[in-house]
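Quick look at what TrEMBL lists:
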type	residues	note
TRANSMEM	44-74	transmembrane segment
DOMAIN	48-479	domain 'Major facilitator superfamily (MFS) profile'
TRANSMEM	86-103	transmembrane segment
TRANSMEM	115-133	transmembrane segment
TRANSMEM	139-160	transmembrane segment
TRANSMEM	167-189	transmembrane segment
TRANSMEM	201-224	transmembrane segment
COILED	237-264	coiled coil
TRANSMEM	328-350	transmembrane segment
TRANSMEM	357-381	transmembrane segment
TRANSMEM	387-413	transmembrane segment
TRANSMEM	451-475	transmembrane segment
Amino acid sequence: MTLPAVENDGGSVFPAVSIGNKRNKYQRMDSDAEDNHRSRSRKYVMACAFFASLNNVLLGYDVGVMSGAVLFIQQDLNITEVQTEVLIGSLSIISLFGSLAGGRTSDSIGRKWTMALAALVFQTGAAVMAVAPSFEVLMIGRTFAGIGIGLGVMIAPVYIAEISPTVARGFLTSFPEIFINLGILLGYVSNYAFSGLSVHVSWRIMLAVGILPSVFIGFALCVIPESPRWLVLKGQVDKAREVLMKTNERDDEAEERLAEIQLAAAKTEGGEERPVWRELLSPSPAVRKMLIVGFGIQCFQQITGIDATVYYSPEILKEAGIQDETKLLAATVAVGITKTLFILFATFMIDSVGRKPLLYVSTFGMTLCLFSLSFTLTFLGQGTLGIALALLFVCGNVAFFSIGMGPVCWVLTSEIFPLRLRAQASALGAVGNRVCSGLVAMSFLSVSRAITVGGTFFVFSLVSALSVVFVYMLVPETSGKSLEQIELMFQGGVERKGGEVELGDAERLVRKDQEF
């Protein structure tokens with residue numbers, strides 16, 4: 001619509017005005033402002049997830065670097081096979097104490113400062129290990145490093161899940177697993193890079209390099225906010241609203257999330273719930289289902305033997321026929337690259353495909369690769385074909401693990417528990433994960449001597465087959481649901497199956513696919 005030109009008393013003429021053009025111009029301005037806000041919120045949330053995941057590099061680096069460093073530690077400190085198993089496996093056992101403490105610590109001082117504490121404790125341990133003159137001092141450093149890793153591994157997925165918008169939560173919460181894999185790859189590369197130094201110096205530099213990632217966490221604290229859900233629990237609603245406005249694409253979506261969080265927090269403040277640990281030890285039917293899923297998936301992640309494959313990949317490949325140490329360490333780099341590449345694939349598929357389909361592909365593939373590796377080591381080892389197939393199936397196993405069981409495990413345990421239980425229940429799941437990891441790592445060499453390496457991987461393949469049944473029977477699909485909606489689903493208050501989501505969630509999923 002256009003208004004005609006009008007002549008005033010002085011003879012001047014007001015120009016014609018196009019109302020439609022003005023309206024379109026303002027609409028474009030509003031649209032541009034919304035697009036800019038969406039772009040800023042996506043970048044901000046990704047930066048938060050990136051920095052929160054830095055602690056997980058420490059775990060990955062330790063797993064990767066120790067597989068090669070232990071070859072030189074054995075020569076330098078003259079440690080026995082049993083001491084080697086204790087050195088490697090103790091980190092996982094010790095880290096459970098960090099994970100247990102992490103739940104209460106993060107509820108007290110906040111998610112953000114728990115990550116800072118984790119980095120500080122790990123730095124102390126890494127420094128002690130790098131200068132250790134004996135096995136005993138090495139274990140003291142290992143104790144500090146384990147506690148720091150336990151704190152960091154437990155808190156990162158919880159923090160990211162609590163700041164992430166629903167449509168990108170799976171993508172962002174899988175960042176810690178990406179960083180674990182990146183750390184493993186860096187550990188393997190470090191082994192290869194410093195293997196040419198003297199026996200006394202090489203392993204010390206390998207371990208000392210692990211301090212560097214934690215230094216960047218100091219910078220991260222200047223960037224990332226506190227979890228909005230923790231802020232609500234502490235009565236800091238205005239600060240929580242500020243964070244949600246930055247992490248959600250629309251203001252009305254931020255207000256909706258804030259209302260859900262306040263409703264969940266009000267139950268705890270109103271005295272309707274029992275103390276956390278009492279509820280975990282004597283759970284309601286809904287919480288029992290959550291614990292079975294969360295604790296079970298964490299245990300299956302480790303008892304299928306992934307840490308044995310990663311920690312002892314030189315031993316496995318030596319059993320296949322590779323004897324030269326440099327070639328062994330070079331082959332482990334290939335394993336690390338494979339693991340890292342496939343975790344990236346899972347990260348971009350976890351929200352669009354869903355958690356459960358990725359778990360199916362992962363557990364089926366791992367079972368096949370573990371059985372094939374067992375067959376290869378038992379019947380085809382010590383030859384060119386045996387070496388090629390063993391390396392193929394080791395890479396295949398870590399690839400299938402990274403597609404599903406690796407990232408989805410941590411995503412699920414960070415999102416299925418209600419707000420009042422989330423930190424400490426996730427800590428309990430992390431304890432199960434670390435205990436199983438430690439038991440596998442501390443017994444692998446002894447069991448392999450008793451039933452052969454091939455026989456050990458046959459056992460792992462049987463356990464992996466059980467994990468397929470566990471996923472089918474007990475694991476729900478959580479993609480596309482807010483944390484509060486997932487809580488209702490376990491309580492029977494949301495009757496939605498498979499990939500069905502509410503209209504609002506579906507709209508956000510469409511926008512995410514188009515824009516994120």
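Just so you know, glycine gets a Cβ as well, placed from its N, Cα and C.
Curation does not apply to TrEMBL; its annotations are automatic.
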Lying 6 or more residues past either end of the transmembrane segment (139-160) yet within Cβ distance under 8 Å of it, the residues of that chain are 48-49, 52-53, 55-56, 58-59, 62, 86-87, 90-103, 105-106, 111-112, 114-115, 117-130, 132, 169, 172-173, 175-176, 227, 410-411, 413-414, 422-423, 426-427, 430, 433-434
Chain residues in Cβ proximity to the transmembrane segment (387-413) (below 8 Å; excluding those fewer than six residues from its ends, i.e. six or more beyond):
157, 161, 169-170, 173-174, 176-178, 180-181, 293-294, 297-298, 300-301, 304, 306, 309-310, 313, 316-317, 319-322, 331, 334-335, 338-343, 345-347, 350, 355, 358-366, 368-370, 372-373, 376-377, 380-381, 425-426, 429-430, 433, 467, 475, 478
Let me check one thing: do the transmembrane segment (201-224) and the transmembrane segment (86-103) come into contact, meaning three or more Cβ pairs under 8 Å with sequence separation of at least 6?
no
Tertiary contacts of the transmembrane segment (167-189) (same chain, 6+ residues out, Cβ under 8 Å):
42, 45-46, 49-50, 52-54, 56-68, 153, 156-157, 160-161, 206, 210, 213, 310, 329, 332-333, 335-337, 339-340, 343-344, 346-348, 350-351, 355, 402, 406-408, 410-411, 414-415, 479-480, 483, 505, 508-509, 511-512, 516
For the transmembrane segment (44-74), distant same-chain residues with Cβ under 8 A (at least six beyond the ends)
84, 87-88, 91, 95, 115, 118-119, 122, 138, 145, 148-149, 151-153, 155-156, 159-160, 163-165, 168, 172-173, 175-188, 190-192, 195, 199, 202-203, 206-207, 209-210, 213-214, 216-217, 219-220, 223-225, 246-247, 307, 310-314, 325, 329, 332, 336
Which residues of the same chain, at least 6 past either end of the transmembrane segment (115-133), have a Cβ under 8 Å from a Cβ in it?
52, 54-55, 58, 98, 102, 105, 109, 140-152, 155-156, 159, 204-205, 207-208, 210-211, 214-215, 217-218, 220-221
Within the same chain, the residues 6 or more beyond the ends of the transmembrane segment (451-475) and with Cβ under 8 Å of it are 289, 292-293, 296-297, 300, 303-305, 308, 315-316, 319, 355-356, 359-360, 363-364, 366-367, 370-371, 373-379, 381, 405, 412, 444
